[in-house]
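> After the structure tokens below, expect a handful of questions from me.
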Amino acid sequence: MTLLTPEVSASVPAFGPDTDPLEVIGWALQAHPDLVMPSAFNLNGVVLLDLAARAGYTGDVLFVDTGYHFPETLATRDRLAERYPQLNFVTLNAGASPDDGQTPDGLYATNPDACCAARKVEPLQRHLKSRNPSALLNARSRDQASTRADIPFVEDGARRKINPLAYWTREQLEVYATAHDLPVNPLYFDGFLSIGCWPCTRAVRPGEDARAGRWAGQGKTECGLWAGEQRL
Ligand code: SF4
């Protein structure tokens, strides 16, 4: 028995580790013309967005406002929306703030899983449920963390995830971003190699994984969008 719709189960080409991300995106646009792209506008996300635009993507870029984003992240979103007018930037949970009552005060410290579930996963899941795209374009890569070391180009499930940057290293991403003068979140250059909400993100120390600054010391490595029972 398969949970995949006929569209989702469309066969995947035999991509190899050296396949150009543009080729993967090009295939994705053909196989899944309804795909959408969630993004938090980290380095990976900004590079993927530029590649997707070059490949002809003109769909939605979904950003979830948890109410706890750094101002630099919101400004990066706005700079990207200005640079890529052909894309439709959608902010879910818009207007969220630490005082909005969506979660008890300080839940991020006492139960970050519940905070992420309420402020990040649920708004995106609700949107995807109503929209029901067959696939998501995602910017994760293997070298971001040991927990992501096996990410393939294409992951099947209830909804297909397509990861064109799966095999790109951080160095490749930086070279691409520099070559194309991409509007990278300025916090990146202060050591915030992966940027989430301000209460749960610190700069990375030399030798650490790019995602080591996320929920540091809390025994948590993922927000729940890409791993766990509520994953997309
Ligand atoms: S990253 Fe932190 S503040 Fe943001 S939703 Fe998750 S627990 Fe809450």
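In case you wondered, yes, glycine gets a Cβ from its N, Cα and C as well.
Dumping what TrEMBL says about this protein:
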DOMAIN    35-203  domain 'Phosphoadenosine phosphosulphate reductase'
BINDING   Cys115, Cys116, Cys197, Cys200  [4Fe-4S] cluster binding site
ACT_SITE  Cys223  active site, nucleophile
> Helix, strand or coil at Cys197 ([4Fe-4S] cluster binding site), per DSSP?
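In three-state terms, Cys197 ([4Fe-4S] cluster binding site) counts as strand.
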> With Cβ-Cβ distance below 8 Å and at least 6 positions apart along the chain, what are the contacts of Cys115 ([4Fe-4S] cluster binding site)? List them in sequence order.
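Result: Thr103, Leu107, Tyr108.
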> Fewest neighbouring Cβ atoms within 10 Å: which of the recorded positions Cys116, Cys197, Cys200, Cys223?
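It is Cys200 that, of the recorded positions Cys116, Cys197, Cys200, Cys223, has the fewest other Cβ atoms within 10 Å.
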> Around the [4Fe-4S] cluster site formed by Cys115, Cys116, Cys197, Cys200, list the extra residues of the same chain whose Cβ is within 8 Å of the site's Cβ centroid.
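Apart from the listed residues, the neighbours are Thr66, Tyr68, Tyr108, Pro112, Arg119, Lys120, Gly196, Pro199, Trp215, Cys223.
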> Can you work out the mean pLDDT of the predicted model over the domain 'Phosphoadenosine phosphosulphate reductase' (35-203)?
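PLDDT averaged over the stretch: 96.
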> Determine, to the nearest whole angstrom, how far the Cα atom of Cys200 ([4Fe-4S] cluster binding site) is from the Cα atom of Cys223 (active site, nucleophile).
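Counting only the Cα atoms, the answer is 10 Å.
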